[in-house]
């Protein structure tokens, strides 16, 4: 395994242009969006643009477990009927606050961009994610964003679709993050880019599914007290050693930045 400063005669955290172009990134960093990058669930946040900031009972009662994407399609159709337009949604998304410490983590990653390839996998929607990241000034950090397709139709209604179909029994019908991550790693390997380590930052049950595929070289960063964290703890109790990745819970994303900074120091 090569050290990050091997053969270049420069400090490990050197930000030179040449380094970024001379070799592929060593680490893949995967982010979730809702309640990870941002401090809210963006699907709940957009209700601020709804009349009375609430949904009628018949819409709320239409939710079925495992079919949240279909439920949100009905929510958006209702909001369209009520005259909620693109600008209204955009204003909400742009003002959702980032999670504690997330700006610090993103600034650290910006300074060390040559070492990290960063992707985002989210069961939210492309429009909302891109609005938020652009407003926060961090959209360019991400090599690729995987999320449910969204657009505005001729009526001006905000429309949402499923990301893909899959056979995973543990994930919602419209998205399995494990499938997305494994396919991405395979695609990058075909392009002769392989990573020394994968880091996964998330919070939800749908983040636990891909994190189970991580190896002992990798690190899972579950948000402390959220479902992903609870599920890793339960697996360790029931099947000690079955969850292979190191688990580093976080309350502030500054803790993630500190962990990565220490890792880079050790590599030099």
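Even glycines carry a Cβ here, placed using N, Cα and C.
TrEMBL annotations:
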type: ACT_SITE; residues: 32; note: active site, nucleophile
type: ACT_SITE; residues: 34; note: active site, proton donor
type: BINDING; residues: 32, 34, 203; note: Mg(2+) binding site
type: BINDING; residues: 43, 123; note: substrate binding site
CB-centroid shell, 8 A cutoff, Mg(2+) site 32, 34, 203, site residues removed
33, 35, 36, 37, 122, 202, 204, 207, 223, 226
Of 32, 34, 43, 123, 203, the recorded positions given in the record, which has the fewest other CB atoms within 10 A of its CB?
43
From 32, 34, 203 (recorded positions), the ones whose CA sits within 10 A of residue 123 (substrate binding site) are 32, 34
If you measure residue 43 (substrate binding site) to the residue listed as 'active site, proton donor' at Cα, how many Å is it?
9
Integer Å distance between the CA atoms belonging to residue 203 (Mg(2+) binding site) and the residue listed as 'active site, proton donor'
8
